[in-house]
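**Q** Got a structure for you, questions after.
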Amino acid sequence: MGLSDGEWQLVLNIWGKVETDLAGHGQEVLIRLFKNHPETLDKFDKFKHLKTEDEMKGSEDLKKHGNTVLTALGGILKKKGHHEAELKPLAQSHATKHKIPVKYLEFISDAIIQVLQSKHSGDFHADTEAAMKKALELFRNDIAAKYKELGFQG
């Protein structure tokens, strides 16, 4: 299920555009996640009080967390599938501390794709989208495997 060198290059090229504004992209990803799947907000005590999109857009904490999420994901993507060292602590915290189900990782993956389509439509062609979906699926599958090792049924 690995990606070819060409697919990784497509992923990293579009990710370079994300990195010009990690906080803005991250905030938009989280807003889409919470709008499309309001149940995910329950996992974020810090953001439960944010009820409207305007409140979410005005939240510096949400922007900061979006930056954290996409910084971590970028570090994983840059490893081109050789992300064991980066993935292990992430899986550990998401399984034991935050208790984030794999399903929610699917939801945020969808939100990432939507944000890329929206913000980078001129560069996010079908082949790039397919490569990014494949990279995110690889990430989710590897997280799910770590969850299983940790005994988390998420």
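Placement of Cβ uses the backbone N, Cα and C atoms for every residue, glycine included.
Copying in the features that Swiss-Prot gives for the protein in this structure:
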| type | residues | note |
| --- | --- | --- |
| DOMAIN | 2-148 | domain 'Globin' |
| MOD_RES | Ser4 | phosphoserine |
| BINDING | His65 | nitrite binding site |
| BINDING | His65 | O2 binding site |
| MOD_RES | Thr68 | phosphothreonine |
| BINDING | His94 | heme b binding site |
**Q** Tell me the Cβ neighbour count for Ser4 (phosphoserine), meaning other Cβ atoms within 10 Å of its Cβ, over all protein chains shown.
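**A** For Ser4 (phosphoserine), the count of other Cβ atoms within 10 Å is 10.
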**Q** Please identify which of His65, His94 has the densest Cβ environment, defined as other Cβ atoms within 10 Å, among these binding-site residues.
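**A** Result for the most crowded candidate: His94.
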**Q** Is it possible to get the count of other C-beta atoms within 10 angstroms of the C-beta of Thr68 (phosphothreonine)?
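**A** A 10 Å sphere around the Cβ of Thr68 (phosphothreonine) contains 13 other Cβ atoms.
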**Q** What does DSSP say about the residue listed as 'phosphoserine': helix, strand or coil?
**A** coil
**Q** Going by DSSP, give the three-state secondary structure for His94 (heme b binding site).
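**A** His94 (heme b binding site) sits in a helix per DSSP.
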